[in-house]
C-alpha cells in the first residue's frame with residue numbers, strides 16, 4: 001500500500017531527528033533489523049535444543065529455569081556454560097546460594113580457570129553485578145543461582161522473624177526493567193535459576209509457584225520446567241537421573257514442547273545417548289536387533305556400546321548431530337510433542353516468598 005508523499009517526507013524527517021538525538025539504529029524498519037535471526041547457545045542436550053525450536057537458548061534474552069530440588073537445574077546451566085566456552089565465549093556465575101562446586105563444574109566440561117564467579121552478600125549487589133557485566137559488553141552468558149537466594153539488603157540487616165512483604169518482588173521488578181535493555185544491546189544471555197514453593201490453602205489446581213514475584217515471568221523469553229522423572233541404573237546401582245524439561249514459555253519459537261534425557265552423575269547430560277536415540281528415530285542410524293550401524297558400518301551391539309563408539313569418534317558424532325539438527329529444526333511449524341495443561345504449569349501469584 002503506497003504512503004502519501006508528504007507523509008513519507010514527514011516520516012523521514014522524524015526518523016532523522018530521532019537518530020540524531022538518540023543515535024543510529026535507535027529506530028528502523030523491522031526488516032532492516034540485523035538481529036532478527038536470533039543467535040543461540042546449545043543447552044548441552046540435543047533433544048532440548050530441538051524442543052526450543054531455535055537450536056538452543058537465545059542470546060540477548062532472559063531465561064528462567066525452575067524445578068524441585070535435585071532436578072538438574074544447576075547441571076543444565078553448567079552445561080550451557082561449557083557449550084558457550086567451547087565457542088570462545090566469556091561466562092559468569094553469580095553464586096547467590098554459595099554452593100557452586102568447582103570440581104563438579106570441571107567434570108561437566110566447564111573451564112573454571114576462565115569462569116568469572118561472584119558470591120554476593122545481598123540480592124541488590126548480585127543484580128548490580130549482573131547489570132555491570134551486561135553493560136560491559138564483554139560477557140556473553142551470566143547465570144544467577146538462584147532467585148530464591150537473592151535476599152534484599154533490608155532483610156539481611158533486619159532480624160529473623162521481621163516481616164519484609166514484597167521486598168524481593170519489588171527488587172526483581174526494578175532489576176528486570178533495567179536489565180532487559182542492557183542485555184539486548186550487549187547480546188548477553190542471562191539465566192536465572194529459580195526454586196519452587198507451595199501456596200498455602202490451595203484446594204484445587206496446582207499449588208506450586210516460583211519465587212521472586214511475577215516480573216521474571218513476564219520478562220523471560222524462555223521458561224523451562226525441569227523435573228526428575230526416574231533413575232538410571234546399572235544393575236542395582238543408580239548412576240543418574242531420567243530428566244524431563246517442559247518449555248512452558250517460548251518467545252522465539254513454538255512453546256509447550258518437551259525433551260527427555262539422562263543426567264549421569266559426575267558426567268552431566270548423556271549427549272551421545274540422545275544422539276543414538278534421535279539418529280535411530282530419524283533413520284540416520286540403522287538398528288537391526290541389538291546392532292546399531294551408520295552408513296553400513298556397525299558401531300556397536302546395544303545402545304551402551306553404540307554410545308561409547310560415538311564418544312570415541314567425535315567427527316562422525318558431529319556429522320550425525322548436524323544432520324539431526326537440519327532435519328528437526330528445519331520444520332519450525334511442527335506440531336508440539338507436548339502441550340502443558342493449564343493445571344500442570346506452575347501457577348502465578350502475587351505472593352512473595
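Glycine is no exception: its Cβ is also placed from the backbone N, Cα and C atoms.
Positions annotated as ATP binding site by Swiss-Prot: 67, 68, 69, 70, 71, 72, 73, 74. Residue 70 (ATP binding site) carries neither a helix nor a strand DSSP state and counts as coil. Within 10 Å of the C-beta atom of residue 70 (ATP binding site) sit 10 other C-beta atoms, taking all shown protein chains into account.
Annotation for residue 74 (ATP binding site): spatial neighbours 100, 145, 193, criterion Cβ-Cβ under 8 Å with sequence separation of six or more. With the fewest other C-beta atoms within 10 Å around its C-beta, 68 stands out among the binding-site residues 67, 68, 72.
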